[in-house]
């Protein structure tokens, strides 16, 4: 079968003369109508440093597609800057943008009968949004990560944007001056690229590399380095070859690929958001990952990378130390990676890793030796209990007190919580509850980076817990539990918590318990009234109506009919 199996419906035959006339206007010649048409989903934007360097990558990829014998069609998709919208009403649109990105790529590619797609993205939701579309469409596809930002520097220390969030808490607690806060602000983000630690963007790009949907080494390259542009060119050539061979996303996005991604995420200390996104992508690919799958792999995989937010280094340091392929090779050598999983290159994971060293170099300490890990088990734990009967997600490493029981401090929004922290109203041993921030309740499941960073900045990170039906930034660490399901807006137990109730977060036992009797909870539930929707028109209203529980990925196309 020809390589233009999809696009031939608009390029071939006498009846398609009008279609070809339109294509001639955008650069097609007589010899181009039999070539495969490749969509180039370009996430370029000057909204955020994460995406501001992407257009040059798209230009390099576009030229490479032509050289490889295909016809590129570049189109734009959106981005929301999590870092800029953080702590504001705008953050409600962040997770929504994942669906908009997915829908826009699917719409453009399917509407124009494209034969394959190369997507380039940078900020957090670009990655899962693109992969959702790829899994749904099941046409040959590859993802190109825009690249990570280089660290900022101040007084001999590496900085990331999270440094600025934490500095706000330090300033409010009187631990640094306004001048020191301003200095951090000015040095935290030195140029183009996604946030530098093993936060959500770098976590998801690493996951895609592990799954075989991006090229090896591509997820940790700096955005501004020439090797990133070369990688974009190589990715384009690989995609055109995949179109020839008809290697499809669902050939790659198998259960083995998802398990490989989870193993790598655990090994590098990745973001809690990966749980939400992989659940969603697996469903789009026809698989059915559950929260229990994450817990099973967590118990087997050690954290072997010393990366921010809870560690010392950033993604560019990981790249210099051997990148994701070295992490994968170590996992493969210890039976924790499926070597027979297929990649977009047509080779298996094991074949791709054949020449990669099995152990990290002794002259670096970003990647630890297998027998000296950061932590013996993974860091993303699934907690359950009467406060989260469907489950909740917590980072359980890098905390001094894995168990806390304390009085609930209840807040109906992120803003109210942050105000209390900055005003010094939160005390050691308190358990903060931020509710009505879930997928439906927010709507949009905002990330709580501002409150958690304020807690860290105030010196309370080891003594205060925080639970929420919202999410956390990949930059968050401490005794924090998110994705609590069922959420407050649908009557989950978190909606029934009252000020002063005793709550236990037990990371080791993976328990999240509200110390209130079943009878008392029943009586509270009978009195509970579901809040009216905050929005009755527009994208947030549509999202709140359609979105599912976070325990199944907060998708918008679950059980529609």
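Cβ coordinates come from backbone N, Cα and C, glycine included.
Residues annotated as active site, proton acceptor in Swiss-Prot: 473. Among the features that Swiss-Prot reports, [2Fe-2S] cluster binding site is placed at 50, 123, 195, with the record citing sequence analysis. Per Swiss-Prot, the feature Mg(2+) binding site maps to 82, 124, 125, 447; the stated evidence is sequence analysis. Swiss-Prot lists 125 with the feature N6-carboxylysine, giving sequence analysis as the kind of evidence.
Within 10 Å of the C-beta of residue 82 (Mg(2+) binding site) we count 31 further C-beta atoms, all protein chains included. Between the alpha carbons (Cα) of residue 123 ([2Fe-2S] cluster binding site) and residue 447 (Mg(2+) binding site) lies a span of roughly 14 Å.
Secondary structure from DSSP puts residue 82 (Mg(2+) binding site) in a helix. Note: the CA-CA distance between residue 447 (Mg(2+) binding site) and the residue listed as 'active site, proton acceptor' rounds to 5 Å. Taking the mean position of the Cβ atoms of 82, 124, 125, 447 as the Mg(2+) site, the remaining residues of that chain whose Cβ falls within 8 Å of it are 80, 91, 94, 95, 123, 200, 201, 273, 473. Distance noted between the C-alpha atoms of residue 50 ([2Fe-2S] cluster binding site) and residue 124 (Mg(2+) binding site) is 9 Å. Candidates 124, 125, 473 (recorded positions) were compared with residue 195 ([2Fe-2S] cluster binding site); those inside 10 Å Cα-Cα are 124. Apart from 50, 123, 195, the residues listed for [2Fe-2S] cluster, the same chain places the Cβ atoms of 48, 49, 51, 81, 82, 83, 122, 124, 149, 193, 194, 201 within 8 Å of the centroid of those Cβ atoms.
The CA atom of residue 124 (Mg(2+) binding site) is located 9 Å away from the CA atom of the residue listed as 'active site, proton acceptor'.
A coil conformation is recorded for residue 125 (Mg(2+) binding site) in the three-state DSSP classification, outside any helix or strand.
Calculated from their C-alpha atoms, the gap between the residue listed as 'active site, proton acceptor' and residue 82 (Mg(2+) binding site) amounts to 8 Å.
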